[in-house]
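Input: a single structure, listed below in structure tokens.
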Amino acid sequence: MAVRLHEIGEFGLIARLKEIVWRTDARVMVGIGDDAAVVTYERPVVMTTDALVQGIHFTRDTMTPETTGAKAVVATLSDLAAMGAVARHLLVTLALPPDTDVEEILAMYRGMADVCETYDVTLIGGDVVSTGGPLVISVTATGELLDKPLLRSGAKPGDILFVTGDLGGSAGFLHALFADRLTMLMPLDLALLRERHQRPTPQFAAAQILAEEGCTSLNDVSDGLASEAHEIAEASGVHLVIEADRIPIPPALRAYARMGRESPLDFALYGGEDYQLVGTVDVRRAGRVLARMQASGVRFTIIGRVTDGAPGVELLSQGIYQTIEKRGYNHFEAALRGDKEIR
Ligand SMILES: Nc1ncnc2c1ncn2[C@@H]1O[C@H](COP(=O)(O)OP(=O)(O)OP(=O)(O)O)[C@@H](O)[C@H]1O
Ligand SMILES: Cc1ncc(C[n+]2csc(CCOP(=O)(O)O)c2C)c(N)n1
Ligand SMILES: [Mg+2]
Ligand SMILES: [Mg+2]
Ligand SMILES: [Mg+2]
């Protein structure tokens, strides 16, 4: 029989959560249990927050409780990576419907604790409230800068444009699920697309190399490559050219897209939730950066270049340039359309 939240109460829950995430951390003077946490840092502190909402970012069909917890942490850590920071601590706020099964919350926390171990991050506090609406997980993270922050604003004409990992797989999984086409996929292709959606990873290894070697701009891909590239173009006041054929798209996504005559490129450009890094590097440093990425086992692909001209993004495909819009996942547009599907 499932134990419901109202049976163990707020304090009972916090005691259970504390057990799951407890770890030693010399920077933590006060962790879970007092009015606030106390930590010690030596360098500039980076702070960021992101939230996941049931029905918008995940459902029982798209995610498990464990992968939901892990992904909530990764979505936030990804922004620390995109600033060139090393991750340190987390605060997690949960808004929970009162009839939530306690075991689901514990599983979510096991997913969070796993990611914390992997990236040497400690969960030092948070808040639990009840809600009449859907479940919400908000994750706030701190990080430390070992060097300068990596901003969206320094791209300059002549730089190369790169992306880490591959793009579009997460959106491809959702599309296949919502179109009821999962069973059409080969088992290994399905496993890869599901992994991209359910278990994204923050790109700290790549970010650390970029922080050391210098990159002129950096952003993480939460809303889709088109949207994130536009953010760099606008912040830097430059024009970007993306070569369509260079965009790294997983073969599993190509296979899926062929079945329904979908464009694999559209998933990469407008899908989102890849949590890869997109940015620019001075062309003279590109070779060295690429070599270091390869030596560290990070997939690093040059997908285009920075030119002068009005801020914007163009796609070069089969010799033809076309302007691409700043389109991607947009919360309020999606809500207005009452989306259950993604584009
Ligand atoms: N409610 C808010 N109050 C103040 N600042 C905000 C708020 N929401 C977002 N911001 C700020 O706006 C900027 C852009 O935030 P945004 O959430 O779009 O970036 P992101 O986290 O990279 O994208 P995503 O949320 O898609 O992962 C950040 O500096 C962020 O701190
Ligand atoms: C059930 C379900 N429907 C749709 C999506 C797609 N989705 C939701 S939010 C988002 C962008 C990133 O969010 P944010 O901008 O808040 O970081 C995307 C691509 C999903 N993951 N689950
Ligand atoms: Mg955000
Ligand atoms: Mg971001
Ligand atoms: Mg974010």
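Cβ coordinates are placed from backbone N, Cα and C, and glycine is handled just like the others.
TrEMBL labels come from automatic prediction, so no person has curated them.
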Since TrEMBL lists HIS57, GLU273 for substrate, which candidate among TYR119, TYR329 does it give for that site as well?
TYR329
Could you look at ASP166, ASP180, ASP189, ASP220 and say which one TrEMBL places alongside ASP35, ASP79 in the Mg(2+) 3 site?
ASP220
Of HIS57, TYR109, GLY126, ASP127, GLU273, listed as binding-site residues, which ones have a Cβ less than 6 Å away from ligand 1?
none
Those binding-site residues, out of ASP79, TYR109, GLY126, ARG152, ASP220, TYR329, that come within 10 angstroms of ASP50 (Mg(2+) 1 binding site) at the Cα:
ASP79
Centre the Cβ atoms of HIS57, GLU273, TYR329, go out 8 Å, and tell me which other residues of that chain have a Cβ in range of the substrate site.
ILE56, SER170, SER222, ASP223, GLY272
List the Cα distance (Å, whole number) between ASP127 (Mg(2+) 1 binding site) and ASP35 (Mg(2+) 3 binding site).
11
Closest of the binding-site residues to GLY126 (ATP binding site), Cα to Cα, picking from ASP35, HIS57, TYR329?
ASP35
Between 0 and 100, where does the mean pLDDT of the domain 'PurM-like C-terminal' (156-310) sit?
98
Select, from ASP127, GLU273, TYR329, each of the binding-site residues with a Cβ positioned under 6 A from at least one atom of ligand 2; if none does, say none.
GLU273, TYR329
